[in-house]
Structure formats: structure tokens, C-alpha cells
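J.: Take this structure first; my questions come after.
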Amino acid sequence: MAVATQGASSGINGQNTRTLLRVSILFLIAAAAVASRLFSVIRFESIIHEFDPWFNFRATKYLVANGFYKFWDWFDDRTWHPLGRVTGGTLYPGLMVTSGVIYHALRALTVPVDIRNICVLLAPAFSGLTAYAAYLLTNEMTTSSSAGLLAAAFMGITPGYISRSVAGSYDNEAIAIFLLVFTFYLWIKALKLGSMLWGALCALFYGYMVASWGGYAFITCILPLHAFVLIGMGRFSNRLYVSYTTWYALGTLASMQIPFVGFLPVKTSEHMPALGIFGFVQLVGFLQYVRSSMSAKQFKTFVITVIVGAVGIGLAGLVGLTSLGYIAPWSGRFYSLWDTGYAKIHIPIIASVSEHQPTAWPAFFFDLNMLIWLFPAGVYLCFQDLRDEHVFVVVYALFGSYFAGVMVRLMLTLTPIVCVAAAMAASQILDTYLSAKKPNVEEVADAGSTDAKPVKTSGLRVASKPAVGIFTFVSKALVVGGMAVYLLLFVSHCTWVTSNAYSSPSVVLASRMPDGSQHIIDDYREAYQWLRQNTKEDAKIMSWWDYGYQIGGMADRPTLVDNNTWNNTHIATVGKAMSSSEEVSYPIMRQHEVDYVLVVFGGLLGYSGDDINKFLWMVRIAEGIWPEEVKERNFFTSRGEYRVDAEATDTMKNSLMYKMSYYNYHSLFPAGQTVDRVRGSRLPDQGPVLNTIEEAYTTENWIIRIYKVKDLDNVGRDLFSAASFDRGQKKKSSKKKGPRVLRVD
Amino acid sequence: MKPSTIATALLGLACSAFASSQQSTVKLPADFKPPQVFKNANLVHIISLEKNYVKEQVNVLIENTAAEPQEEYFLPFTADQLSRVGGFEVKDRKDTAAGPFTVDVVNYDSASSTQYYRIRLPAPLKSGGQQTLGITFYYLSAYRPLPASIPQEATQYLSYEFSPYAQSAYPTVKQKTEVKAASATIPDYTKVEGHGDVAEFPQKQGSKLTYGPFGEKAAGASLPASVRFEFNKPVTHISELERDIEVSHWGGNVAFEERYVLHHQGANLSSQFNRVKWAQSQYFNPASHALKEMRFPLQVGSVDTYFTDTIGNVSTSRFRSNKREALLELKPRYPIFGGWKYPFTIGWNSNAANFVRKTATGGFVFKAPFLEGPKQAEGVEYENINVRVLLPEGAENVKLLADVPESSIVETTVDVHKTYLDTIGRTAVTIKARNLVDEFKDRDLIIYYEVPSAMTLRKPLVIFASFLTVYAAAWAIGKVEVGFGQK
């Protein structure tokens, strides 16, 4: 593509050709971006992936069925039983509304598209737009015409972004990354032009971003930081004043329209930098004005008083309001951004999510491949002529890298700037080495002499530089060839990663038959469909919160806890029920009107993401609330091992989770050969005994096991004696008192 | 059959009115009683319990006892039976060429416990004349599992209640009732007092029970009886079938989609489902009352089959297609036991040439089975059937012939459905039917329609014009100067 745009010939004809080429290349990039996200649709089917997307899908269906206002006021009594959830006020509606608008638009054109297909294909469609936004953003950074196209191509296929936007990954990030990049583009545009119109557009897209993803706080913090750095560098200008003020005022108002955000922008610490810089910009603007009408000496004292006064009052106000409780201090999730160990100690529920773990270093290479080493080069190029927008790249790069290192999930926010910076570096190389023209000796000499003189023009140096280039064809070919090889490797790496790591729906598992054909393991849907069809409409299902959204979406049954995790105590209650013995769990389940309990068990198939492996988190979260009743230590053997076989501790063996996982499992195997294939341990021949619940359904590969909570006994016995009676065991004879015989030991 | 002959047959048909709902009921005064103008000279009643629905055949020799010629013969049903009876057909046993018998439901007093079907004879029967009627009908949801809940691996027994005296609005001189059970294992059946030289009815021969012959019985005579027999097969009941057929002339394709709501009306599980036992029993593959698999023989040439349910594709299906057959084998996500439910959707495409013919007069004739559905040894019954055929946009002059008992068709409508960038919408023919069984699988649905050639070109022109408008608008908007000029 660099070759295509290099054909520099002026004149209206060349201009048109280049525009046409550029448009068609952008379309091809968008097509490639969409196509590379379709692996899962082709390999499996058009299905919503993983966990959170199932909630978004369900909410979208609700929106489409009931209209916007009902959706806005949606109180969902089918989750968090018996508390319910004010769903309309606790979600980011941007995603659902976007799909709803697309759905109704297509309906208006009488194109009968299933809402599911819109949801599945939304993320790929928006990835095409993201590529375009990256193109626009990069074009603001450099004059090289190839950099934008390269950035678009990188953005389109880099796994760091694909990981969150494959077809079926119907999550907030699906549209949020496009909005993030586009908002940044508008911000740069506004800043460059000092235009209120662009600032307003920026605020508009910021509002859309706020409506779509909690990650909007990243923009809320990066833009003030950029402004602050610029002021600190002595680059305050009316352009900055206009664009920042416009963005902040309109953007904040826009963000407050979302019920879930509401007054947070003036009440929480995460939003305070933006507010502070807003005040600071006013102050600086005021000072600039005062300076123009004062003598230098007066001005100095004036500045000192004003600054000291303003900062002092501001800080005191912030501290005071925080301590009085008007401004919320940093939330726990925010603290865990600064101290990676924080969550593990204080909020196990955040730490229990794998995507909140600190990033492992190979992940950077895995997700960004060669971009990760082109990235610093691109940032370095920004320093070469450090205009306002380049400062933005530098600031964004620094913070993005830090956050990406702290949380795996934030790799996503780093990816756009990596693509932009890497594209700048790559295009620099290609522009230099791909030039077909051979420089002649005099020009070089000229260039040398001009270079010797100090040139003061800082802007547009690349453009004004005389055409000095590479002489020999060999070095050109070598470098360009090397670059081409890297680009090809990058493409193949991206394809490989996308196809192998990011395209599994995780609801459906694929395995290979001995003859190499694909075999689908569909236990999740088997169980959910069974629940949906064969239990009563309002049967409450208790499961660990991971499966809450899926049960809501696929089985359409009320759940106790789900992936929203807004109520830690409720989750801990479920954790306690799972990790306690039946005597303790049964009353808890009765109190919460639980009809069925669902556990995931991978022992037969060797499926490692099962509940026994997650069990310690349940224990930890329950221990956080009931440290007296649930103790993590009791689940480890005296040698500190977490075991499930005959050596397991009594607490472990008596816990409801253990019993439900291994109930009846031994009867599948010949005596003495019961094996748990996940933990590779041999289980005792005597399986656990259940008294208060009974097995209701187990899927074909035993991945999902559903238990029915028994009703109270008809005859008024307690369930333990009723169950032992059913098993044919005689009542303990100790109660029946015959004539006692003196026992001689 | 040549297309032209079909067309003429159809044109000549012009039988019942279309484009309006049509219901085969007759309104009669509330105090209606069938006039006692006939007697049943001889009656053989065959109750077949071999499938999971009941097929009853009443072969009756009727005799006109009135002075005038008569043409209306009434058959009584209880109100409960009336809601479950379907597929009502009448033939002349002696003379197959005897014209069509029209059958209607008599609509007089909905609170009455006795309701009637009216059979209109093709020609009035003269006084004292005799005619042999072969009346066939089916009862759906006819059985009661006994015991109502059984263990997973136990054998299922069904019980059926009937009367050894056939229902009749007229006195019956001589009659006999045969009950054919699904298996020879019949642990319980009602014994009645014999007649003539037989001391006690029924006589049991293998799986067949014979009650009668009985002597003269008055009109409306009935005797409660029940039979309980082994039926270790699923009792499949489809409460709702929506069958959509979309005919596309441009695509040369006919797309089928069928949405089923399937219930198992057999014995429930007495304890919860046990996977271990189920997995172990699968090695021996014993007969079970659980529904494990269904086989849909589709029309040869069907392609692109799919099998989905509310939460997506069901991967356990197989489609064998070759020159001789196109067999879709489905396995539900879970084995379906008594009281369980499984709604699902299947669909496929086929070449339009297999279904649509052009007639000499320029019209089109579409012919497809009214009902396809699974082919199961134990039979399948359908409670509500909704067949919708989407004809091309602008199709007009629609005539249709559905070769299923007219009394089963509840409603026929022709209206318009908009889809895929339609501007005026496609002609949609909807036929609602009730209480049919899989014995009507091979009956045809024939639709004649005409499409003016201007209509065929309508869509491409409309799309072309819309795009042109969009481009023109974009160009015009691009020409508008906004903002302050920088000159």
C-alpha cells in the first residue's frame, strides 16, 4: 500500500487516483478486519460467546421487544433473587441501543435479520470502523500518507483488539474501542484547529463512549493529562482553552445523562482530574488575559498569590469534601491499578476474575507481535517534532503501557496507540527506503549544507526536508524486503492467534474425533435447554456467579448471582452455601427459594475450567464475610495441598460443592479406577452421599450437573433421616432403648 | 400429471372461497336433535391403538328408515372428544367412485355434552336404501399412562378408554368392536357380558381384542370400558407446527422452515433423570419410552438443512442425501421423557424446479406435501398446524387445494407479508389446520398463482432507483457550503 500511495504525481488526475486507491484500500482493510473475526462463525455457528455477552444479548432482546423507555426503567426480578437488579439504571446502554437502532433500521427496510445475528456481527462491523478511525488519528500525527493506512491495517488485525471483538463477542468493548479512537481523533482535531465544532463533536462521541463502556474513565483522565502536560510545557493556547472547555462542559453534561453514571462526574475521585484541569485551564486563561494588561512585576506577585490561593482552596476543598463523604474516594478496582496485590487481599471478587490479573510479559508479544518493538520507535519519532498532538501520543503511550502491564484486560486500551505509533515508525522506514528516485550528489551536498545551519522550523520537517535518500538498490531491497517479511509474519501471527486463541465461543467446546473430524461438545447448551424446557418458569437456579448471565440468557431462569457482581454479600452467601456442609447449606438454599443448583464438573472430560478449580475463590469470598464459619485453611490438607481424593480434608469432602461434583461419579468406573481427569487423582470408591438435594440432570459429558433441592419431607422427618430411610438404612438403634447390657471394654 | 391438467383441474375446482376465513361448521338451532331417519344395519368398529394416536374406523351399513330420501347422517362425539378428533374422512366402502362426502362440524349448543359431525351423502339415499360408509377419524392425546410415573428403565403402559358400543345417533342392529393394541402384552382390559353363544367379551387374539357381535342397541348406547397395554415407545405430541414455505422465482429456490413444539405425553419419570443409568443402557440400546432420535425423510434434492432451537444450532444432526433419499436424522439435546418438552426448528432449501411448474396459460403451479415431519414407527400427532406459503411479490389470482380432510382445516387466508426489501409485499397463503396425524404426510398442497412480468422486474428496479437516489442525495449534500468561507 505504501507503493500505491508513493506514486506521487501532482495534478487533479493523480489526486483522484490516489483518493480512489486510498478509499479502496481502506475498504479492503475493513473487509480484512471483519473477515478475520469470523473464524468462530465459520467453525461453529453464529452464537453469542462467553459470559457477559449473554447478558448484553438478553438486554438487547428486552430493548427490542419492549422499547426504549421500558428498557430504561427495567427492573429485572429474574436476577439476584430475591433482591432483583435495577438493570436499566446499572448498565451502559450504548451497545444495546446501537444494535436496537440497527435492528429497527433493517426492519424498516424490510430486511428480516435476526437480532442475534446483529449482535453477533456487531463487533466485527465496528472493527472496520475502528480501522478507519485509526487511519484518521494517524493522519493527524504525520504527513506521511502511508502511515494512516498502515495504522488502519494494524488496527484491523492486531490480536490485542481482536481478542475482544471477534464475531459473537458482543461486549461493550465491541463498540467502545471505535469510540475511544474516534474520540481521540476528534480531540486532536479540535485541539489543532481550536474549533468549538470539533470540540462539541468530541464531547458528543465522548458521551456515546460513556454510554457504552466503563472504560470511558480512560478518556476522562487522558485528555486532562494531555492538557496539563501541554500547559506545563508552556504551550497554553487559546486553541487548547477552547477545545478543552468545550469538551469538558458538553462531555460532562452528556455523560451525566446516563443513569448509571449520573452524578459520578462531580462526585468521584476518578473524575476529579478532569474537573481540576477544567478549573486550571480557566485560571491560566484568566492569567493570560491579566498579563496582557499588567506590568511584569505586578504580574509576578499576582500570579503567585492566585496560584497558591487557587490550588490551596482546590486541594482543601477536595480533601474536605472527600472526608465529608461528598466525593467518593478511589474505588477498589482503581486501587488495584496502582497496587497489583491490593485486590488479592481486600477484594477477592475482583482478583478472582482472570482478566484482572497482571499481564505476563509474553502477552505483549502475543497480542501485538512486531508492533511492540515498533511502538517505541514510533514514540521516539513523536519526539522529533514535538507538536501538541505528538505530546498526546507520548502521554497516551506512557499511561497505556502502564495500565496494560497492570491488568490483562487493559491491553485493549494500549492497542490503538501501539498501532498508531508503530504505523508511524513503519511508514517512516518504508517511505525512506521505498523511494524509487535516486538522490543525486548535488542535492545531498545541498542538504548537508542546509543541515549544518540551525533550522528553526520545527513543524513539518519531514515535508520540508530535501529529498535525500538511499543510493544503492541493494540496501533498499534489503530493508524493504526485511520489512515486508516482518509484515507478512505479522499477518500470519495475527491470523494464527485469532484462529487459535480468540475464536472459541467457550459455550461450545470443540474436540477432535479419532478420524480427525470435528466433534462438538455442547453440554452447556444441553443443560440450559433442559432447564428452559423442563423446569417451571420461575425455578430459581443457584450456581456460581460465572454462569449467572448464561443461565439468564440461555435457560431463561432466575438466578441468585450473576456476572454483574454488584452485591458481594449475596455472592458470598452462594459461596458459603457451596462450601459448607449440607446441614448449613440447606437452610440457606431454602431461605433463598432455590429450586435447582447447577455445578460445572470437568472431571470426566478433563475440562479444567470447572467449579472445583474455582472452588477456592468461593471459599475466600465467603470467608471475607463469615470468617468464623468458612475457613480456607480447612480445605487444605495438613501438608497444605488442595486435594480431592481420599486424602482430602473432611471439610472438603463434606462441602456441598465437592458432593455435587462427585456424586454418583464412581459408579461410572469399575471399582478402584475412579479418576478425576482434571486433577489427575484417583477417587475413593465410596462416593459422597446427598441428603437434602437430588440429582436432577447431568449432561452427556458430565460438564454440567443440576441438582434439585428437595422439598420438606411430607411426614415431617428431617431430610437426613428421610434420605437414610430411603437408602434402606435402619434408624440408629441408639434411640430404641431396650434393656441395656453392661458393656465391658 | 401434466402441469396444464393440474391447472385446469384447479381452475375447474374453484371450490371453496378464498381470501376469507372459512370454517367447515354448520349452524343449527340450539335444541337440535338428529332426526331418527336412519338405522345402522351392521357396524364394525375398529379401534387401532398401534400408534401414539388412536385411529378409529367405523364401517357402517346405513339404511334409510324414513319415507323421504335423506342425505344427512350425523355422528356424535362427546365435547371432550370433539376437541381432540381430527382427520375425519368418509368413503363409500362399496363404490369408491361415489362422489365426495362433505363433512362438517355441527355448531348448535356449545354447552351440550354431545356434539355432532354431519356427513352429507353425495346423493340422497332413497327411502329403504342402504349404503356402506367407511368413516375414519383419529383421536389425539388419547391415552393416559398408567402408572403415571415410572422409573427411567421401566416399561411404559398406556390406558385407553372407549365404549364397546360404537357411538351412534341411530339405533344399531348389529355391531362389533375390535381393539388393536400396540403389543400383545395387555395386562388389563374391561370384560363385558357376552352375547349369543359367547359367554364373555372380549375375545383376545394376540394384540387384538374383539368385543361383539352385539345385538340391537338403542341410539346413544354406550358402555364404559378401558384397555391397558404395553407401549414402550415415546408418545410424541406436537402441539404446534409452523411450516413456512418461501417460493423465490429469482433465486430458483424454495425454502422450507418448520418450527415444532414437541411434547412427550407418556409416563413421567418417578425419580429424577439418572445419567449413569442412561449412559449404561445406551450400550444395549433397549426399547425405551424416551425419545432419542427423529428421522425426517425430506424430498429428494433438499440441501442446506439445519436443526436449531432457541439457543442455537444443535450439533447432533446428520443429513444423508443422495439420488434416492434425503434423510435428516436429528437427536434432541437431551432424551425426551414423559412430561418433557422440546421445541425446535428445522429448515432446508430445494430447487424450485422440483416444486413449481409453469402452465401453458402463463400461471404457475406449486405443489408440495402439506405436511412433512418426522417418520417414526410409533407415529406423530399434530395438534395445531400452520402452513404458510410465501409466493413471489405481486402474485395474484391465487387458487389452492389442500388434500387433507376439510373438517380439519380451520382457516385459510391470503394476505401480504413484507420481507427482503419488498415494496408491496409477497402474497402469503396461510392454512391453519387442527388435529392431524402423520398418516396425512403424503397429501399434497397445490397452489395456482399468476405473477405479472412487471412484478418480476419490480425489485431490481426499485433497488436501482433507491441507490440512485442515495447517490444523488449524497452528491447534493456534498455540494452544500457550510461554515464560513476562508477566502
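First residue shown is number 1, and so on along the chain.
The backbone N, Cα and C atoms fix where each Cβ goes, glycine too.
Checked TrEMBL, it gives:
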type	residues	note
TRANSMEM	A:20-42	transmembrane segment
DOMAIN	A:23-421	domain 'Oligosaccharyl transferase STT3 N-terminal'
TRANSMEM	A:90-106	transmembrane segment
TRANSMEM	A:118-137	transmembrane segment
TRANSMEM	A:143-162	transmembrane segment
TRANSMEM	A:174-207	transmembrane segment
TRANSMEM	A:213-233	transmembrane segment
TRANSMEM	A:245-266	transmembrane segment
TRANSMEM	A:272-290	transmembrane segment
TRANSMEM	A:302-328	transmembrane segment
TRANSMEM	A:363-383	transmembrane segment
TRANSMEM	A:390-408	transmembrane segment
TRANSMEM	A:468-491	transmembrane segment
DOMAIN	A:540-590	domain 'STT3/PglB/AglB core'
J.: What residues elsewhere in the chain lie close to the transmembrane segment (A:20-42), defined as a C-beta under 8 angstroms and at least 6 residues from its ends?
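T.: Answer is 1, 4-5, 49, 120, 123-125, 127-132, 135, 145, 149, 152-153, 155-157, 162, 165-168, 494-495, 498-499, 503-505.
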J.: Ranking A:90-106, A:213-233, A:272-290 by Cβ pairs under 8 Å to the transmembrane segment (A:118-137), which is first?
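T.: Most Cβ pairs under 8 Å with the transmembrane segment (A:118-137) come from A:90-106.
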J.: Give the mean pLDDT for the domain 'STT3/PglB/AglB core' (A:540-590) on the 0 to 100 scale.
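T.: Taking every residue of the domain 'STT3/PglB/AglB core' (A:540-590) together, the mean pLDDT is 91.
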J.: Using a threshold of three or more Cβ pairs below 8 Å, and leaving out pairs closer than 6 in sequence, do the transmembrane segment (A:272-290) and the transmembrane segment (A:390-408) count as in contact?
T.: no
J.: Answer yes if the transmembrane segment (A:90-106) and the transmembrane segment (A:272-290) have at least three CB pairs under 8 Å among residue pairs 6 or more apart in sequence, and no otherwise.
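T.: Between the transmembrane segment (A:272-290) and the transmembrane segment (A:90-106), which are separate recorded stretches, there is no contact, as judged by 3 or more close Cβ pairs.
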J.: With pairs 6 or more apart in sequence, are the transmembrane segment (A:363-383) and the transmembrane segment (A:143-162) linked by at least 3 Cβ pairs under 8 Å?
T.: yes
J.: Can you work out whether the transmembrane segment (A:174-207) touches the transmembrane segment (A:272-290), with the criterion being 3+ CB pairs under 8 Å where the paired residues are 6 or more apart along the chain?
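T.: These two segments do not touch.
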J.: Which residue counts does DSSP give the domain 'STT3/PglB/AglB core' (A:540-590) for helix, strand and coil?
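T.: Going through the domain 'STT3/PglB/AglB core' (A:540-590) residue by residue, I get 32 helix, 4 strand, 15 coil.
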J.: Decide whether the stretches the transmembrane segment (A:213-233) and the transmembrane segment (A:468-491) have at least 3 CB pairs under 8 angstroms, with pairs required to be 6 or more apart in sequence.
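T.: Contact absent: fewer than 3 Cβ pairs fall under 8 Å.
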